[in-house]
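Everything on this sheet refers to the single structure shown next.
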Amino acid sequence: MQRNMAPGSRAVVAGVLALLCLCRATSSSEASSLTLFDSELSRPGCGSLSDWDEYAADCESSVLQLEPDCEEGGDPSCESTFALNAEKILNQAKLFIEQKKIPFPVDNQNINEELAIGYVLIGNGLYDEAVKHFSLLLQGDPELVSAIYGRGIAYGKKSLQDIKNADLALYELNRVITLEPNWPEVYEQRAEILSPLGRISEALADLSRAVQLQPSARLYRHRGTLLFISEDYVAAMEDFQQSLELKKNQPIAMLYKGLTFFHRGLLKEAIETFREALKLKSDFIDAYKSLGQAYRELGDFESAMESFQKALLLDQNHIQSLQLRGMMLYHHGSLQEAIGNFKRCLQLEPYNEVCQYMKGLSHVAMGQFYEGIKAQTKVMLNAPLLGQKASSEYLKVKYLREYSRYLHSHLDVPVAEYNVDQDLPGNFKNHWAKNLPFLIEDYEEQPGLQPHIKDVLPQNFDSYSSEVQKLICTADHLGALMQYDTPGFLPNARIHRAIGKTRQMQWRDMFDIAVKWRRIADPDQPVLWLDQMPARSLSRGFNNHINLIRGQIINIRYLAYFDSILDFIKDRILVYHGAYNPRGLLEVRQALENVNKVEDLLPIMKQVNSKTRDGFTVNSKVPSMKDPGKEYDGFTITITGDRVGNMLFSVETQTTEERTQQYQSEVESIYKDLTAKGKALMLSTELGDADAVCNLILSLVYYFCNLMPLSRGSSVVAYAVVMGAVMASGKEVMGRIPKGKLVDFEAMTTPSPDGFSKMAKSWMNLKSLPSWYQSLPSVAEAFPSTRTMIEVLNTDSSSHCPKKS
């Protein structure tokens, strides 16, 4: 098609496809970066940074933590648990009494001294001795509350080593609450036993009772932490705020407050709060790390790098910062720098599966297969124990290793002569695309690395001819025009450059060029044609599922579309009630007028429709150009839940065999028309003809995006085809995708191909293709094999290509 549309222009015949990975890594290794954020919350009540002098006292349990006089590395005799002699114990006990630290004191001074001794033993980590001591006291008085309480605390401390002691601790604390129901410290102690057992709701109830009896900064922070773990981020934020109002100088509480914003997708609020934490403590490493990750989620690479750098200046061995920075560098396309971070991470923590997996992935993406597969094999050795949950890296690594072996064996095979979708076994592709455990019957492994096939070597930009250099720079420029200016999308210089060549082809061939480059640019994600999957799995359907709101977690990528989707849902509800409940239509219309947020729809729907119990669905329709009046299934919007703040708002497309055939028939019809109009365009100078061709190109992509025919990356592949096909028609895309716009969601939420075409052209800013494009060499001839494709993606052109705005 392109040869006929633009005669005499080799560049246009080439149809350069600049390809950008529009999706921030959805790989589990990327997702695991968020779990790093929550490591500070591993201890209910306190953070892990207990070495802060100004904060340590407030981060202790409600029982005084006494420090032994011995220093680490001192006299060996001092390190014995019997190092505390009677005199020291008595001196500390007297101090305990003077400071009025004894819980539930009695009138008898001698008994108080004995109680104090028991608490001193706890404070010095001598839990068995404390249990024996309190037990002796209870022989004399079985209802001595302070002794029951002390024994409960000692059992609770012992439960950290042996979970059996947790039941003993709870039994003792329950007795105390029966005898003395109005002491907040007892409820807090019980919560500290319950929460590690997973009994979070009971722990929260105890902390709420403690807050009711005597609010404190520590109690609010402790409860906020458990609310955070429960993903009730709004309530957690309120508790951290209450804690900060009672005690301002709490960097950790401020950090936690920022994390509640982060997990709700409120990135700007999170960034502001992390900065507030840094004002309270300027050398707060975890605040810099969290700030870096928030900027990364916002797509601000430079600010994220600066924050990670500050964290690592404070501690060059901070593993989480190294891991997060390395992952960000990978998804920015800076693979060599990413490898440096992962190597450092593994020097410090050799069994870090995320760093090991990402190191292997980075090496493979650069064509360094021997190092890559060696790292992958180390991840495979970390098989989970029986009953233990496998890490996401372990689940993915065998797929990556098999695909790496396949790529290596085809390094020097012309790209046009092999086909991933046909070569890889159907069950392998099916399991890989669905991220299932690698349990594939009768699977025959790919051949191991063959010594005669060498790894990809670094290629210097200067080693390319001037014509190819110009082609590379052009690809970088075109790819940058495809960058989404939306939170959650990092610019990736490597994938900006990923380009392809068109030829006389069918519509699938045109899209498949972009698919091949997308695969090479990032081997982590399976970019596969769904209709090439085994017939059995396709008949069941592949679900492309996107959570927009889950509980209190908002998917910030799609935030700009919430209003338009809400309007669409309202319209469909009114159409439904107009057809099935015309008498109640006015009531429904009035109720919907008061709904300004998707979250408020569920309670309204429950009021106006008795059938709405746990939720409801709304389906979109896509009109046919080929058969006017006919409609295809679009996507399904689902809203479920029992209340605001505990709901799921999602969109889903189901790629079934029947649906695929319908859309492909539509695409083939448009492609046939496009080919004919393309031939006519070369004989015409009418502007209307060029506009008609552009409309057909965008209509083709409209149906492609609504079909979602790939396991990953349908959006980026679609826009790459738009740019290549428009260039083939003699036009150049000058405009960038507007802030907040996503190509696939624009197609999915626009009711017609004409509307999508009009909207897309408004930002594309099409101009006549400059004549110098004619001198660009053929992409297929310049980069004929996988090896040459990887070489050019690895090449640094930053100091060679002219900067364009």
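Keep in mind that glycine also has a Cβ here, set from the backbone N, Cα and C atoms.
Database features (TrEMBL):
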type   : residues : note
SIGNAL : 1-28     : signal peptide
REPEAT : 217-250  : repeat 'TPR'
REPEAT : 251-284  : repeat 'TPR'
REPEAT : 285-318  : repeat 'TPR'
REPEAT : 319-352  : repeat 'TPR'
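Within the repeat 'TPR' (217-250), the DSSP-based counts of helix, strand and coil residues read 27 helix, 0 strand, 7 coil. Residue counts for the repeat 'TPR' (251-284) by DSSP state, with H, G and I taken as helix and E and B as strand, are 27 helix, 0 strand, 7 coil. Secondary structure by DSSP for the repeat 'TPR' (285-318): 28 helix, 0 strand, 6 coil. Break the repeat 'TPR' (319-352) down by DSSP state and the numbers are 28 helix, 0 strand, 6 coil. Note on the repeat 'TPR' (319-352): mean pLDDT across this stretch is 95.
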